[in-house]
Amino acid sequence: MRVLPATLLVGAASAAVPPLQQVLGRPEEGMSFSKPLHAFQEQLKTLSEDARKLWDEVANYFPDSMDHSPIFSLPKKHTRRPDSHWDHIVRGSDVQKIWVNNADGEKEREIDGKLEAYDLRVKKADPSALGIDPNVKQYTGYLDDNGNDKHLFYWFFESRNDPKNDPVVLWLNGGPGCSSLTGLFMELGPSSIDENIKPVYNDFSWNSNASVIFLDQPVNVGYSYSGSAVSDTVAAGKDVYALLSLFFKQFPEYAEQDFHIAGESYAGHYIPVFASEILAHKNRNINLKSVLIGNGLTDGLTQYGYYRPMGCGEGGYKAVLDEATCESMDNALPRCRSMIESCYNSESAWVCVPASIYCNNALIGPYQRTGQNVYDVRSKCEDESNLCYKGMGYVSEYLNKAEVREAVGAEVGGYDSCNFDINRNFLFHGDWMKPYHRLVPGLLEQIPVLIYAGDADYICNWLGNKAWTEALEWPGQKEYASAELEDLKIEQNEHTGKKIGQVKSHGNFTFMRLYGGGHMVPMDQPEASLEFFNRWLGGEWF
């Protein structure tokens with residue numbers, strides 16, 4: 001969860017950051033980006049004078065350290081298992097051939113979308129071999145994009161309660177470039193991993209009343225692998241649509257249930273795109289009912305204005321930054337906003353990349369240099385090698401065990417919690433600052449949207465998330481923005497009446513502030529997170 005120096009655990013603004021911050025402090029250890037930048041020189045001649053100046057400034061940040069790393073991720077070492085290993089293989093080319101009669105008696109494809117290049121491999125996992133939720137059905141496998149040599153790993157857990165009727169949820173971590181298996185084992189999955197690298201049962205798992213799919217995406221993240229790369233959110237959305245279409249084709253019993261997409265951090269980019277991709281297909285077997293975004297990065301123009309307030313004592317916790325630093329951030333904000341506005345207007349990497357780098361250095365870098373955890377303003381960064389959390393190291397060690405990789409059918413030679421090359425790819429393609437929040441009004445016309453935020457997070461803080469939801473232009477904006485935050489209390493157990501946060505809602509739009517939660521609310525406040533999750537799936541706010 002460190003900002004990675006460009007990546008966040010669950011990531012979001014972390015990705016481009018650490019390296020950024022390190023560049024300012026120790027240039028020799030800074031981001032090695034000049035290789036792609038040098039390749040841009042001819043293209044720079046075609047840009048406006050202002051744009052050229054921005055790129056010149058970016059290059060000056062890393063004068064000597066830019067030739068050491070490629071911008072594209074290297075392929076992972078892997079060994080593909082034979083088809084005989086898998087219980088089922090769903091061929092997208094076969095699904096593509098299925099035609100049905102519509103209400104008017106006309107022939108049409110049963111499932112829309114370009115699926116012919118995709119296959120889905122499925123294996124029923126043996127929970128007893130892993131010691132993880134042994135009483136629930138589990139499936140693991142890969143989505144294969146055969147035309148582009150891409151292979152996405154997923155892990156499905158059936159609901160502990162009533163799988164024939166409970167909803168299905170897709171969970172996504174962020175980064176970009178961080179594995180969703182981190183969310184599985186550190187936040188909301190059926191087990192966590194302790195210091196002895198052993199699974200520990202989680203009473204507050206989100207599969208208590210829902211079946212959950214954890215997906216390692218984009219490619220080359222976690223157990224996923226590829227000979228090619230994905231470097232923007234829109235491209236990743238095509239893969240997710242294919243996976244869900246083929247998964248629900250194989251398991252029609254789950255396709256009958258309500259389906260929701262949830263995620264955190266950079267999933268604030270992913271989810272508006274992925275949900276829009278699904279809803280764009282008229283004939284689909286994905287029963288999408290809502291989306292949930294936790295501590296997300298969605299509207300940089302609005303959210304970057306709240307780093308100074310959060311770090312300087314205006315977010316409900318004591319100040320981390322001194323007055324001089326706070327003033328410096330105030331002075332940097334107008335230029336940052338101007339650069340993001342230019343990115344929003346052009347959506348060009350030539351404009352969006354400098355905006356990301358300048359704003360992250362100016363508004364996230366000062367906080368990082370304090371040594372405080374960017375994911376939790378209350379604590380120091382305890383383990384820089386694992387994005388501030390020792391638990392992430394435990395998860396990586398567990399998922400790198402040969403017996404675990406064998407049990408889940410993983411095909412890669414090793415597991416990494418975050419792939420920083422992917423992080424850089426997204427950054428240098430301008431994806432970081434693009435205005436994906438503009439897709440949210442279209443979602444609100446069709447499905448409910450929940451934005452929730454742990455109030456101790458810095459990197460994707462609750463102030464910025466509340467602000468962008470109130471600034472969003474949609475038919476219900478006035479009523480939503482004027483709605484007051486109300487107490488959110490536990491209703492479902494012996495702690496009934498306990499205040500766990502605040503909530504405001506109008507129409508299909510809801511915002512929640514969760515008390516005492518950092519960037520990863522389910523990890524910090526497991527009881528509160530399961531409370532609001534179950535009530536949201538039950539339709540309380542929509």
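Heads up, the Cβ atoms here are built off N, Cα and C, so glycines get one too.
Residues or ranges marked as signal peptide by Swiss-Prot on the basis of sequence analysis: 1-17.
In the three-state DSSP scheme, Cys418 (disulfide bond) is classed as strand. The disulfide bond annotation in Swiss-Prot covers Cys178-Cys418 (among others).
Under the heading N-linked glycosylation site, Swiss-Prot lists Asn209 (among others). Around Asn209 (N-linked glycosylation site), the same-chain residues six or more apart in sequence whose CB sits under 8 Å from its CB are Ser159, Arg160, Asn161, Asp162, Asp166, Asn534, Leu537, listed in sequence order. Asn209 (N-linked glycosylation site) falls outside any helix or strand according to DSSP and counts as coil.
Positions annotated as active site by Swiss-Prot, on the basis of sequence analysis: Ser265 (among others). Around the Cβ of Ser265 (active site), the number of neighbouring Cβ atoms within 10 Å comes to 35.
Per Swiss-Prot, disulfide bond is recorded for Cys312-Cys326 (among others), and the stated evidence type is similarity to another entry. Other C-beta atoms found within 10 angstroms of the C-beta of Cys312 (disulfide bond) number 20, with every protein chain shown included.
Long-range Cβ proximity for Cys336 (disulfide bond), meaning a same-chain Cβ under 8 A and a gap of 6 or more residues, is found for Tyr304, Ala355, Tyr358, Cys359, Ala362, Leu363. Swiss-Prot lists Cys336-Cys359 (among others) with the feature disulfide bond.
Feature annotation from Swiss-Prot assigns disulfide bond to Cys343-Cys352 (among others); the stated evidence is similarity to another entry. DSSP assigns Cys352 (disulfide bond) to a helix in the three-state reduction.
Just so you know, the Cβ of Cys388 (disulfide bond) picks up 27 other Cβ atoms within 10 Å once every protein chain is counted. According to Swiss-Prot, the feature disulfide bond maps to Cys381-Cys388 (among others).
As annotated by Swiss-Prot, active site applies to Asp457 (among others), with the evidence given as sequence analysis. DSSP assigns Asp457 (active site) to coil in the three-state reduction, outside any helix or strand.
Spatially close to Asn508 (N-linked glycosylation site) yet at least six residues away along the chain are Leu443, Leu444, Glu445, Ile447, Pro448, Val449, Gly476, Phe542, judged by Cβ distances under 8 angstroms. What Swiss-Prot records for Asn508 (among others) is N-linked glycosylation site.
Look at His519 (active site): DSSP puts it in coil. If you look up Swiss-Prot, you'll see His519 (among others) marked as active site.
Rounded to a whole number, the C-alpha distance linking Cys388 (disulfide bond) with Cys312 (disulfide bond) is 21 angstrom. Per Cα geometry, His519 is the residue among the recorded positions Ser265, Cys326, Cys343, Cys418, His519 nearest to Asp457 (active site).
In the three-state DSSP scheme, Cys343 (disulfide bond) falls into the helix class. Taking the Cα atom of each, Cys312 (disulfide bond) and His519 (active site) are about 18 angstrom apart. When the recorded positions Ser265, Cys326, Cys343 are ranked by how far their Cα is from the Cα of Cys418 (disulfide bond), Ser265 comes first. For Cys178 (disulfide bond), the count of additional Cβ atoms within 10 Å of its Cβ stands at 37 [all protein chains shown].
Using Cα positions, the member of the recorded positions Cys178, Ser265, Cys326, Cys381, His519 nearest to Cys343 (disulfide bond) is identified as Ser265.
Reported as a whole number, the C-alpha separation between Cys352 (disulfide bond) and Ser265 (active site) equals 19 Å.
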